[in-house]
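Here the structure is laid out as structure tokens; the discussion comes afterwards.
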Amino acid sequence: MRFAASIAVALPVIGAASAQGFPPPVEGVTVVKSKFDENVKITYKENDICETTEGVRSFTGHVHLPPDDNDFGVYRNYSINTFFWFFEAREDPKNAPLSIWLNGGPGSSSMIGLFQENGPCWINDDSKSTTNNTFSWNNKVNMLYIDQPNQVGFSYDELTNITYSTINDTVYVADFSNGVPAQNLSTLVGTGSSQNPWATANNTVNAARSIWHFAQVWFQEFPEHKPNNNKISIWTESYGGRYGPSFASYFQEQNEKIKNHTITEEGEMHILNLDTLGIINGCIDLMFQAESYAEFPYNNTYGITAYTKEKYDAIIHDIHRPDGCFDKLAKCREAAKEGDPHFYSNNATVNAICADASSSCDNYLMDPYQETNLGYYDIAHPLQDPFPPPFYKGFLSQSSVLSDMGSPVNFTQYAQAVGKSFHGVGDYARPDVRGFTGDIAYLLESGVKVALVYGDRDYICNWIGGEQVSLGLNYTGTAEFHRAGYADVKVNSSYVGGLVRQHGNFSFTRVFEAGHEVPGYQPETSLKIFERIMFNKDIATGELDIAQKPDYGTTGTESTFQVKNEIPPSPEPTCYLLSADGTCTQEQLKAIKEGTAVVENYIIKSPAASKGDPPPTTTTSPTAAPTAGSAMLQAPVAMLAISVLTALAFL
């Protein structure tokens, strides 16, 4: 697995707030000291930065946790300052349920989801103004976006001077004791976290422990959210295919310990009433999904033949051969079971075995795809992919925005420290205690709804692998889920947005013509799926009450592969300074480095880029089935780019 950083910089440094472009001092924040622990506090500020609907409130802030020498067995000698952005529901917030949103990475900010996928606003191409998102997920649900683990996005451990290279998308710790260096197109300065990989969670399970502490504080002590509805859901994406099952099952386990009085510490006995786990294009378990990295580029519903039969066979061989991907995964999991049963990642031998497994599988599965020059997050787009747009990075660089947010740090889309920490212990090769598919089964047995939603153009966590996960679960409803067929997802009177297999509380949905960030491609379809699940309706029509019909199952075909899609036109290239490594050509990067590029609102106007070649197809391109539809439902702005980098992070 490869990792990348991307920072939006308003150019602050510690002790240099008077310099032009630096965010002003944090002022006007409300401070709430915990009634349970004097060292714990919440700071927050109300604002209308993104949600401009009259009467609908939103708040940005941090939950501040001190170091802890025994965090459920984990020694944590660093502070955690976790950023949140809370949006009340546009309709009846007092009685609306609440959903947490988490992006993946590991190390990616949830501002990706907020601004590129499902939040109340889209950022326009001037990187300064917003457009209302009528398909926002806070239409009927209170939404809580969290940057986690520590050092991700606006979350931080300690304020640190940094420089940021737009050329290689990297953050460096800086010493400004002799003055702040001059800035140019390729080098920016700012304030961030320590960049210390030891000052953040080092695996998924430890991240679950941290987010549970955040939730205990926020749901008990954040004064602006006192609902009549105490249901909590988690929706997540990408590496969230691991976060979601692990976090939700950890919450559920802690609930059980609170109920049986195993946990009795004051301030840590709040029941988190779990309702739904939603996973969008999740990378859940390589044991189920590894083969899809060969299958999807070779045989997909768009007729794109990125791999030859020889390349496909070679990857499958590397997965199954002795000392191949599966062998290494099995050795890692056995070593972790014996040497790190509590998932502290403090056993150097286990860490080395699992890091080797993770790196080896990455090499076997993903290295061949680099040669295709196709998008990791959208196989129909070029590698330098200008969709969805990165304009929110410039937006979050504005001094006025940072002031309204009350943020002491610049925005960092990707936390390198988190990537290094997780990669160093081989987190992607490991399961948690039950395994992530076991977590999903446990949640279903506990009455929690689970929805797997996959856009059908994503390579990195593709729908073919996601479907294999859905069919590989072992729970009491397995046979009934397998017997269910695929039904159309009816979005409106004229559009079918995908196909869904559902039995009771469990579902798998393939969303047509969507890449990795499904709501950014198909806002209306995604909102319908989200709200139907959240309010106990069947996903196919939204007309049946699943709570009243727990044995409901969809009927239809056993497979969705017969429904083909047309390849969309390639997006217009847009080189964006704050996503240069993922959106710009080598010529443009050279001009940025030399300072000769012409830049307007962070967009490189000169030198211009030409549109990339279309993806390779089979001799006869498939025709779109009537149910697939070909009109992409997009935001009302020119949706352009998320970083798709040669150094890769799951979003």
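Glycine too: its Cβ is placed from the backbone N, Cα and C atoms.
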Candidates C325, C332, C354; Swiss-Prot says the disulfide mate of C361 is C325
Candidates S238, D458, H516 (active-site residues) - the one closest to N132 (N-linked glycosylation site) by CA: H516
What is the Cβ neighbour count of N77 (N-linked glycosylation site) at a 10 Å cut-off, with all protein chains included? 9
Taking each of the recorded positions C50, C461 in turn and counting other Cβ atoms within 10 Å of its Cβ, which one has the fewest? C50
List the recorded positions among N161, N184, S238, D458 whose C-alpha is within 10 Å of the C-alpha of E517 (substrate binding site), in sequence order, or say none. S238, D458
Reduced to three states, what secondary structure does DSSP give D458 (active site)? coil
Could you round the CA separation between N492 (N-linked glycosylation site) and C332 (disulfide bond) to a whole angstrom and send it over? 47
